[in-house]
Amino acid sequence: MVLTARQQEELQLAVHAYLVEAGHAEAAAAMAKSANLGDDAGDAKYTGLLEKKWTTITRLQKRNMELQAEVEELRSSARAPRSRTTTKMEEWVPRPPATVAVDGHRLPITAVAIHPSFAVMASASEDASIKLWDMESGNFERSLKGHTNAVNDIAYDREGNRLVSCSTDMTIKVWNMDNFTCTKTLSGHDHTVSSVRFDHTGDRVFSASRDKTIKIWELATGYCLQTLQGHSDWVRSIDVSADGAWICSASSDHTVRVWSVASGECKHVWSDHEHVVEHASFAPLVAHEALNLMIFGSKPSAEAASKGPFVASASRDKSICLFDVSTGQHLARLTGHDNWVRATAWSRGGRYLFSVADDKTMRVWDIATKRVSKTIPAHNHFVSCIAVHAKNTHVVTGSVDLKVKVWECN
């Protein structure tokens with residue numbers, strides 16, 4: 001891999017800082033002269049940078065070895081005969097206590113996101129910052145600063161190369177995860193921007209706002225391609241289907257809507273909640289089997305089974321609703337929380353739906369039976385957000401208690 005000119009300069013400055021710190025002043029001076037480092041040599045921000053990069057490489061090498069071992073284990077499992085006693089992935093649920101608990105934000109946590117490949121998590125807060133953490137050790141990595149008011153939502157693209165954020169400052173920012181710089185700021189909403197997502201290609205960003213609209217942005221140009229209107233109040237949450245064809249939205253107008261990305265038309269409006277709808281998300285394909293078991297009571301034939309997509313919504317009416325986009329049906333209402341339900345996330349195996357609420361708990365719902373299978377006292381205050389790692393066994397929650405917690409599933 002060839003370093004860019006800027007990367008070469010940063011490496012030279014980091015080596016220079018290391019030599020100075022190690023007491024090799026003559027070698028440092030000779031290097032500064034040879035490399036023509038100029039006034040940047042001696043800048044305090046480069047002190048310790050070489051050691052940090054070295055430990056990061058070591059950690060990534062270790063993680064790479066672990067992933068290779070996991071792949072080999074999965075291959076061996078695939079070749080081995082199935083056993084009745086083998087714990088299947090669809091049965092994995094979070095187990096207390098949390099394996100990691102970090103704090104560093106000065107105000108409540110509003111959103112969490114997990115890197116799709118690495119053991120890195122991001123947290124957003126009302127303190128206007130985004131922080132990156134090592135999920136396994138809990139070590140703080142860095143802060144992303146640029147917003148001037150509360151950061152309300154964050155999301156990685158599919159590869160984890162970029163992070164998108166939105167804020168009460170009415171802007172959306174796109175961050176490069178290689179150098180942790182803001183590469184694009186999108187402006188156009190007239191009020192708080194409450195939710196953001198990349199599309200499946202990473203070429204577009206979708207945003208929802210208190211100005212009652214949803215916007216579709218082209219990242220290459222920064223232009224707003226389309227504005228979707230229909231909600232009569234604050235649009236609090238959006239999600240994009242896996243194929244990029246649909247958007248679902250949740251609003252303070254008590255409705256959940258599904259929109260066609262191609263046409264911008266609203267396909268369904270569900271008014272089944274009795275209070276503000278805080279969150280809406282699409283079920284992954286792996287959850288369709290459990291959802292069809294719930295619909296039919298037993299496994300349906302391939303022809304009869306609903307192909308979805310399916311939507312889950314969380315509301316201040318203390319309930320979670322499930323919807324079928326293909327039929328427009330309201331499938332079920334899940335009740336059990338004792339306070340506002342803030343967010344949901346699907347288990348990797350698809351059998352369970354996880355939810356967090358102002359009753360300070362995380363609950364695990366068996367979708368096929370529509371019952372709570374586990375209640376976990378998660379935080380000491382309202383639990384505001386949840387995310388599930390796409391490739392390993394971690395669940396992350398964030399809270400008004402200023403803590404981000406990592407939970408192991410088994």
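Residue numbers in this text run from 1 along the chain shown.
Glycine residues also receive a Cβ, built from the backbone N, Cα and C atoms like all the rest.
Swiss-Prot lists coiled coil at one of the ranges 55-80, 133-158, 185-210, namely 55-80. Helix, strand and coil residue tallies for the repeat 'WD 4' (230-269), in that order: 0 helix, 21 strand, 19 coil [DSSP]. Sequence-remote contacts of a segment are chain residues at least 6 beyond its ends whose Cβ falls under 8 Å from one of its Cβ atoms, and for the repeat 'WD 6' (336-375) they are 88-94, 237, 275, 278-279, 281, 283-291, 293-294, 312-316, 318-320, 322, 381-390, 393, 395, 397, 399, 407, 409.
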